[in-house]
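Trainee: Would you mind keeping the following structure in view while I ask a few things?
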Ligand SMILES: Nc1ncnc2c1ncn2[C@@H]1O[C@H](COP(=O)(O)OP(=O)(O)OP(=O)(O)O)[C@@H](O)[C@H]1O
């Protein structure tokens, strides 16, 4: 029965013309295995990053067509974008060559403290944590938001800054529509959602600004912007980094006084190669690695409770072990996560008693433990350079 449905789904896909008018997605071999359970079909398409935007509506179209099949109530098509390392979707300088990750590289091996005065802290903000991924579409922003909410659920004052000017997603994920207001033209008042203070670089860059200018603008403006936003007192500020590990990301990691970095990856080999570059990048700028999160790790069929490893579960855990970096946890591929995220109602805030919220809170607790571990034992007074 399931095999028959899979064949019919593949038939549908063969008949649909992709947005680039090229060959169908089946003959291009960019469709993952198809999983069907409880009347729902799950699969992913893997496209080059430059095509991701064009393929997004196509995925929704596929979902609509597949859901028309008898025996399928709903379809979920994930889009994973193959981004060249360093690419953020816009032209930029030649990609940096991150040093190959040489294990073991435990956070204790990574310097927990950078030279005094190298990067002054942001007054009022205790820790700044970057959430990064080597490639797009792995669920970095979804993880960043739910991690922020997980930390908030643990009693911390948390803010989130969306530093992805090419494809800002935090406003969508938190259901924020308005633009942040300015206080007296000098400072910016952050938006608030689900108890988080939130700010998106994308909201501040004029939509008319050509993409080519956005990278340089964001690089020079990021630290300044963090200082000009009225964050108040925060225990943790989560920075949702742009995907990739090129010069833009490297500069950003250098400019922001980061307490640590969390890498999000799917278990696939390709995503792991990119994740490895992400790890190497943070090591290069001496930012402690707080650990790796494996997203879209597995799928639990709602009818049978059977577990399926769509993308070959466990890759990130193995990689973390190999590199001696903490493994922070795994998040299943779940319709509820996707739907709640895309509706601006993140699962940790809207279903706090559910299993997904628990998984994110667990990840948040591990991140917090790592932050505590890398905290300097006696804190020097903060020197603020105005
Ligand atoms: N665990 C999950 N289960 C189901 N869907 C997920 C999961 N994690 C993320 N998604 C969905 O995958 C899509 C991409 O997620 P998200 O925007 O967080 O990725 P990203 O890595 O930040 O992408 P980009 O780099 O393009 O900004 C979204 O539609 C999101 O809802």
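Note that the numbers count up from 1, one per residue, in the order the chain is shown.
A Cβ is built for glycine as well, from the same backbone N, Cα and C atoms used for every other residue.
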Trainee: Using TrEMBL as the reference, determine which range in 14-49, 50-85, 86-121 is annotated region 'Disordered'.
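Mentor: Checked against TrEMBL: region 'Disordered' maps to 86-121.
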Trainee: For the domain 'MIP18 family-like' (6-75), DSSP counts of helix, strand and coil?
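Mentor: Across the domain 'MIP18 family-like' (6-75), DSSP assigns the residues as follows: 29 helix, 15 strand, 26 coil.
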Trainee: Between 134, 137, which of the binding-site residues has the fewest other CB atoms within 10 angstroms in the structure shown?
Mentor: 137
Trainee: Report the binding-site residues (134, 135, 136, 138) that meet this criterion: Cβ distance to the nearest atom of ligand 1 under 6 Å. Use sequence order and write none if nothing qualifies.
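Mentor: Correct list: 136, 138.
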